[in-house]
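The structure appears below as structure tokens.
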Amino acid sequence: MTYQEKKSIVSVVSTVLIFLIYCLYRYPQRPEFGLDSTDTFRYWGSFVLVLTIVSILAHIVISIGFTIIFRITTKEKEPGFADELDRLIELKSHRNSFFVFILGFVLAMGALVLEQPSDIMFIILIAAGFLSDLTGSISKLYHYRRGV
Amino acid sequence: MGNNLVGNHIRRLRFEHNEMTQQQLADKAGVTRQTIVALEKGNYSPSLELAFRIALVFDLTIEEVFFYGDPSDRSAR
């Protein structure tokens with residue numbers, strides 16, 4: 001298995017773990033009062049912002065850890081650049097990822113149209129963000145293994 | 001081999017060139033080893049530029065390295 005395939009697998013696993021652990025930690029802190037109160041919006045705003053920051057930092061740390069372990073175990077140096085295949089796969093995975101997010105965004109807006117609580121809209125948006133990230137990583141893994 | 005119609009003789013040519021490794025070919029062609037792996041499996045059709053670069057590594061023409069269609073059809077002709 002090549003560096004890119006292993007990196008994609010690590011990305012899938014870390015995306016799921018970071019999101020699950022963060023949700024298990026933050027979701028129980030959801031404000032009980034008022035469905036559409038200012039606190040609810042503040043809670044979801046901070047949920048997304050902190051998730052973004054935590055996710056970026058965790059991905060950086062995991063990426064460094066992975067690179068170190070890869071070098072030690074395989075005695076190979078990771079590729080220091082992206083070639084034409086990498087760029088093509090990156091484009092395809094971004095396309096799939098954006099498609100999933102846009103679908104989630106439309107569903108979230110649909111929830112508002114159907115007069116669902118704003119909580120539902122935020123949950124759908126956050127889930128769409130997570131699923132789009134996951135779709136991107138899985139698409140990369142698929143194309144690295146099965147070709148383009 | 002994969003679904004791409006552009007096939008190649010890279011694996012054989014590497015063997016004939018002092019058993020060149022995939023990494024050595026990748027370094028000479030300016031790509032990652034993953035791309036050489038994908039090419040050998042027939043999972044990727046390279047750009048014209050990369051095809052030229054690989055052919056130059058083996059000091060051959062593009063047609064001697066790459067072919068279009070099933071190689072068995074080609075040899076039958």
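Including glycine, each Cβ sits where the backbone N, Cα and C put it.
Taken straight from TrEMBL:
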TRANSMEM  A:9-27  transmembrane segment
TRANSMEM  A:47-70  transmembrane segment
TRANSMEM  A:97-114  transmembrane segment
TRANSMEM  A:120-142  transmembrane segment
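Outside the transmembrane segment (A:9-27), and at least 6 residues removed from its termini, the chain residues within Cβ reach (under 8 Å) are 47, 50-51, 54-55, 58-59, 62-63, 66, 130, 133-134, 137-138, 140-141.
Only residues 6 or more beyond the boundaries of the transmembrane segment (A:47-70), in the same chain, are considered here, and those with a CB under 8 A from a CB of the stretch are 3, 6-7, 10-11, 14-15, 18-19, 22, 26, 76, 78, 122, 125-126, 129.
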